[in-house]
Amino acid sequence: MPVTVTRTTITTTTTSSSGLGSPMIVGSPRALTQPLGLLRLLQLVSTCVAFSLVASVGAWTGSMGNWSMFTWCFCFSVTLIILIVELCGLQARFPLSWRNFPITFACYAALFCLSASIIYPTTYVQFLSHGRSRDHAIAATFFSCIACVAYATEVAWTRARPGEITGYMATVPGLLKVLETFVACIIFAFISDPNLYQHQPALEWCVAVYAICFILAAIAILLNLGECTNVLPIPFPSFLSGLALLSVLLYATALVLWPLYQFDEKYGGQPRRSRDVSCSRSHAYYVCAWDRRLAVAILTAINLLAYVADLVHSAHLVFVKV
């Protein structure tokens, strides 16, 4: 049986979780005329326009451009699937928990589009010469920002409210799991060069911390999406609490060790960006080693805060079997 999560008081509500006072109509074209349906149409159109503008001029060279193009295409495709399921009333036949899947995707999509809206103009668009390609790239960035706001709005509308019975992924800890795994993926992208950490066992430990915490958080998300939380040998609430506490402790060590061994000269670090020859001049589609080290340090702090908030909010959840 699936696990449903509520906040302190268990109540039943027939109104939509968007708080707009009317339920989402499914299995009918009228689903598109409801506020949530219209919002998803905006998501669909904005991501479609973004990747179409870039594709029409081939403005996605390099890893950063490829990431942005993947983001828009992926978000468009999954949003289209969600709309089709809603229109045809196929929620019961969907292989994943419909109570958890849409908001999980919306949260990921908001983060994906946010990253594309920042990475694409800063690492790609600014290096384009003035002309049609640059104009299309700037317009694509604008529509990417619209998509980000639209997905974030869906998360705000459909997240759990106090006293409401809902899926775990709609709660604050569930949404924080999405943030934690997303930030970890960005960290992995920045440490893709083994030369950043292989020279020090302490830095290798940090990489192990990122991997362990990512895997545990991903398992929690997948168990909820697959509605198979009962397969664990321990109660699911205990698993979540232990996961959050362990992750806080592990990330605390990484937050100390990573900056210490990357930026302190006594431990072989490089305190000044000017000393890194790879940062001596601007490169299109490339982030120099010192900037990567700094980005990982900042992202480590962000994820530690996310895990602390996760641990605190998890104590306020009440789990019931349905």
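Placed from the backbone N, Cα and C atoms, the Cβ positions cover glycine too.
What Swiss-Prot lists as compositional bias 'Low complexity' is 1-18.
With helix defined as DSSP H, G or I and strand as E or B, the domain 'MARVEL 1' (31-163) counts 109 helix, 0 strand, 24 coil. The domain 'MARVEL 1' annotation in Swiss-Prot covers 31-163, and the record cites sequence analysis as its basis.
Across the domain 'MARVEL 2' (168-319), mean pLDDT in this model comes to 88. Annotated domain 'MARVEL 2' per Swiss-Prot: 168-319, in sequence order, evidence recorded as sequence analysis.
Sequence annotations record features per position, and here Swiss-Prot assigns phosphoserine to SER22 based on a large-scale study or a structure entry.
Residues or ranges marked as region 'Disordered' in Swiss-Prot: 1-21.
The transmembrane segment annotation in Swiss-Prot covers 41-61 (among others) and is backed by sequence analysis.
Among residues of the same chain six or more beyond the transmembrane segment (70-90), those with a C-beta under 8 A of the stretch's C-beta atoms are 24, 26-29, 31-32, 37, 40-41, 43-44, 47-48, 50-51, 54, 98, 102, 105, 109, 112-113, 115-116, 140, 144, 147, 151. Taken from Swiss-Prot, the feature transmembrane segment applies to 70-90 (among others).
Distant neighbours of the transmembrane segment (101-121): 43, 47, 64-65, 67-68, 71-72, 74-75, 78-79, 82, 94, 137-138, 140-141, 144-145, 147-148, 151-152, 154-155, 158-159, 167, 169-170, 174-175, 178-179, 182, 186, 221, 225; these residues of the same chain sit at least 6 beyond its ends, with a Cβ under 8 Å from one of its Cβ atoms. Per Swiss-Prot, transmembrane segment is recorded for 101-121 (among others).
Residues or ranges marked as transmembrane segment in Swiss-Prot: 137-157 (among others).
Residues or ranges marked as transmembrane segment by Swiss-Prot: 171-191 (among others). Long-range Cβ contacts of the transmembrane segment (171-191) within its own chain (Cβ-Cβ under 8 Å, at least 6 residues beyond either end) map to 5, 7, 100, 103-104, 107-108, 111-112, 115, 155, 159-160, 197, 207, 210, 213-214, 217-218, 220-221, 224, 240, 244, 247, 287, 292, 295-296, 299-300, 302-303, 306-307, 309-310, 313-314, 317.
Residues of the same chain lying 6 or more positions beyond the ends of the transmembrane segment (203-223) and with a Cβ under 8 Å from any Cβ of it are 104, 169, 174, 177-178, 180-181, 184-185, 187-188, 191, 196-197, 229, 231-232, 236, 239-240, 243, 246-247, 250-251, 253-254, 257-258, 261-262, 300, 303, 307. Marked as transmembrane segment by Swiss-Prot on the basis of sequence analysis: 203-223 (among others).
Summarising the annotation, Swiss-Prot assigns transmembrane segment to 239-259 (among others) and lists sequence analysis as the type of evidence.
Residues or ranges marked as transmembrane segment in Swiss-Prot (evidence: sequence analysis): 294-314 (among others). Within the chain, the transmembrane segment (294-314) has long-range Cβ neighbours (under 8 A, six or more residues past its boundaries) at 171-173, 176-177, 179-180, 183-184, 186-187, 190-191, 196, 206, 210, 213, 237, 240-241, 244-245, 247-248, 251-252, 254-255, 258-259, 262-263, 273, 287.
Nonlocal intrachain contacts for the transmembrane segment (137-157), taken as residues 6+ away from its ends with a CB within less than 8 angstroms of a stretch CB, comprise 17-20, 35-36, 39-40, 42-43, 46-47, 49-51, 53-54, 57, 59, 68, 71-72, 75, 102-103, 106-107, 109-110, 113-114, 116-117, 120-121, 124-125, 128, 175.
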